[in-house]
Structures are given as structure tokens and as C-alpha cells.
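Pulled from TrEMBL:
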DOMAIN    3-59  domain 'WHEP-TRS'
DOMAIN    37-393  domain 'Aminoacyl-transfer RNA synthetases class-II family profile'
BINDING   Asp130, Leu131, Thr132, Arg157, Gln173, Asp177, Arg326, Tyr330, Tyr331  L-histidine binding site
REGION    487-515  region 'Disordered'
COMPBIAS  506-515  compositional bias 'Pro residues'
Amino acid sequence: MAGRETLEELVRLQGERVRGLKQQKASTEQIEEEVAKLLKLKAQLGPDEGKHKFVLKTPKGTRDYSPRQMAVREKVFDVIIGCFKRHGAEVIDTPVFELKETLTGKYGEDSKLIYDLKDQGGELLSLRYDLTVPFARYLAMNKLTNIKRYHIAKVYRRDNPAMTRGRYREFYQCDFDIAGQFDPMIPDAECLKIMCEILSSLQIGDFLVKVNDRRILDGLFAICGVPDTKFRTICSSVDKLDKMSWEEVKNEMVGEKGLAPEVADRIGDYVQQHGGVSLVEQLLQDPKLSQNKQALEGLGDLKLLFEYLTLFGVADKISFDLSLARGLDYYTGVIYEAVLLQPPAQAGEEPLGVGSVAAGGRYDGLVGMFDPKGRKVPCVGLSIGVERIFSIVEQRLEALEEKVRTTETQVLVASAQKKLLEERLKLVSELWDAGIKAELLYKKNPKLLNQLQYCEEAGIPLVAIIGEQELKDGVVKLRSVTSREEVSAGREAAGPGPCTIRAGPGPGPGPFKTG
């Protein structure tokens, strides 16, 4: 019994610690760690008088979204979808889980982050890791050789979440891809143009799009002396240069991946360079790199890409960065990643990249992996990192204390006197039937002041007020919530169909028509 009392006391103290951390607004990781300890102690305590106790929480790396947060998300999605449609994309959808073999071997070192599902029907399944591999499977399965599509859906990664930075285990991806055999760099340039359009429209701050080419990287590794078998793993190390110093990356290459130190140094001479089209031209003259066929092809395409980006008016947002590697195995050509820039701390310093918000590239071999005859369908695409964008937009709105409307109601049907519920119900129904977004309070006899206050709180712009006099005159009194101006509007019902409300003469917000 004494042992149980001790455990109960430990549970109580740990519970207080968790509550204290929440009040102090400690980091999510710290709170989750202490909650895990609390659950462990409770498990040791065992069942208490037949009651099952559990902690109400979302699974690690996931979150709920309030109406306010969803309103922000919908606005962001509207901007993204609007851009995709403006560029002529069709929309598709695929299952949230795939056959495990569909996803296996497509993500390099990141394959360990795939969620495998328990076999419950004779098939080994996994939750989708991204939207690109399912898209390639879709193309091969339907024998499609030409499509421009977008796909917005949730993906899943068994990652170590950092929720304060918009990194989750369940999150949305917004993908745009162009599949088909086209002249070089035209679709690639459009993808970069789309990326710039979306990030500019969302007004989340200055950004830079880093561009490189997998063929340049492979050629660079070859001339530096990297064995063929180590290309992908060294590529993965180079990709960490945006988060780690060159010395740390070099130590990983040499210490963990067995690369010769002099080979790593030769790689370092190249991958620490970045610039514009002038750097492309400089490398085309490089005595070693220009002798490598793959690198030469990649540099030639990048030169052409910069020409098209200049015509699209976005070349000033693009930087050729040799450290960009994109760890995923399926990329075959041009790769790119957009980062938000932090203003320089000192005058003359370069702005700092504070996180990736979009990425993509060319993957010409992925569809062929699924096609029984190995037929290739060239593809290029991009993915917008919406979770990071949502975090930034939310923080900005909180800092500005900006009010966000969570409904789209256009008018509240109100009454100025008692015993008019039936009339309010009739009018609101007519408005709904006419396609107007309308509401009423769920009370028989609400006070007019309460109805007006509800409009102010919910951001509803208009109130349609009916009283005994209005019913007698066959009108509705329309009131603007912000200006408080009123106007009487004629109410005509044409049989069972929608009504038309027309504003009469006098001051007010103007005509309000339905139907």
C-alpha cells in the first residue's frame, strides 16, 4: 500500500510539473517529454477502482486547428490554388496509403521516416510520405504521358517533430507538377515562376530561391574523386549545409561516411560557391568540371533556365547555389528550394536564410520505375511548405492583433419585437434559397441589442430587421453594422421561389439583392 501511495504522490507532483510548464508556455517538446513521464508513472500505478484514466491530447507531431486558424489556412490555400489554376493545372487525388513496395527505395536516407501500417488484409501498406511518388505511380498505372496537375493533401512522416517551426508528423503538401516530353527548361522555369508568384502573394517576407542541378553535383563528385557508390550518401551530407557549418559537414563525410579528407576538401571548394548566371558561365570554363559530360549538360540547362527566368521577371529572386542537394533519391536534373530571408544584423552583411518554405525539381526516372516496360515520363514539379507558411501568417496576425473572420455570413435576420420567430425563419429560409449566407439567433425572443452585438463579434456586415410595422408595409429594414445606417427595402415574394429585396430611396448601404 505504501508503494501505491508513493506512486500517487509522484503522479501528483509530475502532474503539477506538466501544468506549470503549460502555464509558463514552455516548448512543446519539453511539455511532451514531461507528459510521457506522467503517463509512465500512471501506467505503473495501474487501474484505479475499475476506472480507465487517460490524458486528452493529440498524438505527437499532430495538432487541432481552431476556427480562427482554419480561416487563415483557407485564405492561404485560396492563394495557392488560385495560382495553380491560373497556370492551367488540373486537380487529382490519390489514397492516403500506398502499397509499401510503391514507396520503398524512393527516398534515400529518409525512407526510415515512412509510417508502415499493420497488415490487416493481405497487403503490406504504408502512409504516403509525399505526393510525388503516388503521382508517378498514378501516371504509370493510367499510362499517362502528359499532364499538368496539382494535388493538395496530407502526408505523414515518422520524424522528430519541431512544432514551433511548423514541422509535424502529419501535414499538408501543396504540389504542382508538369509531366511530359517538352523542350528543355520551359516547364522548369514556369515552376520557379509559380513558386515566386505564390510567395510574393502571401506577403510573408523576402525570400530567395536556391537552384542547382543533380547532374552538376554528380559531375562535381566524380571529378573530386567520390566513389560511385557514395554519391547519394555524400549528396545527403552536402544538403545539410544550410543548417550546419562546412567543418561539421566535412566531419560527417569523413568520420561517418568514410570519405578521404582530401576528397572532402575538393568538394568544399565547389559547394561553398553561390551566385547568378555569371557563376554558371564561370563553371562552364572550369577546366575539370567542363570536361564532365553530366556537369556540362546541367550547366548548359541552367544557363538557359536563367534566360527564361529573366523573361518571366523573377531572375532577381534566384540564386545558383552549389550546396543545394535535396536529399531525395528521385531527382535527376534541376533542383530548387525557396528560403525566407532574415534582414542582416549589420549593414553590409548578407541576409540570413531562416527556413525552407517551398522546394522541388526534375525527376525524369521516377515514372519509369513503375512502368512494366520501363517507359520514362519526364516530370518537374514543386511543393509549397504550407505548414511553415501557416505558422508565419498566424504569428504575424497575433503580433498585429488582427481580427480574423471565421464565418462568411453576409446578413443576420433579426427582429425588433417578440413573437416574430416564424417570420425570421421564413425570411432566413428565403435568403438561403437565394444563395445568400444568412443566420439567425436560436432564441424565440432575442433582444435586438444582443443580435447586433453578435453581428459585431462575428464580423457580419448587415442585419435584416423585421418588426410588426415592417411586416405590415411589406419591407425589411437593412442596417449596416459598422456605419449603423439603415434603409427600408421592399420585400417581394414571387410564389415559392426566392425573394428579391430591393432597397428603397434614402441613405444607407445601397441595394441588397437576393435571387
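Glycine is treated like the rest: Cβ placed from N, Cα and C.
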Please spell out the DSSP helix, strand and coil residue counts for the domain 'WHEP-TRS' (3-59).
39 helix, 2 strand, 16 coil
Distant-in-sequence Cβ neighbours of Gln173 (L-histidine binding site), under 8 Å, six or more positions away:
Asp130, Leu131, His151, Ile152, Ala153, Lys154, Val155, Ser383, Ile384, Gly385, Val386
Give the mean pLDDT for the domain 'Aminoacyl-transfer RNA synthetases class-II family profile' (37-393) on the 0 to 100 scale.
89
Only counting partners 6 or more residues apart, tell me which same-chain residues put their Cβ under 8 Å from the Cβ of Tyr331 (L-histidine binding site).
Arg214, Gly361, Arg362, Tyr363
Restricting to the chain of Arg326 (L-histidine binding site) and a gap of 6 or more, list residues whose Cβ falls under 8 Å of its Cβ, or answer none.
Arg214, Asp239, Ile335, Glu337, Ala359, Gly361
Please identify, from the binding-site residues Asp130, Thr132, the residue with the sparsest Cβ neighbourhood, meaning fewest other Cβ atoms within 10 angstroms.
Asp130
Pairwise Cα distance maximum in Å, L-histidine-binding residues per record: Asp130, Leu131, Thr132, Arg157, Gln173, Asp177, Arg326, Tyr330, Tyr331:
21
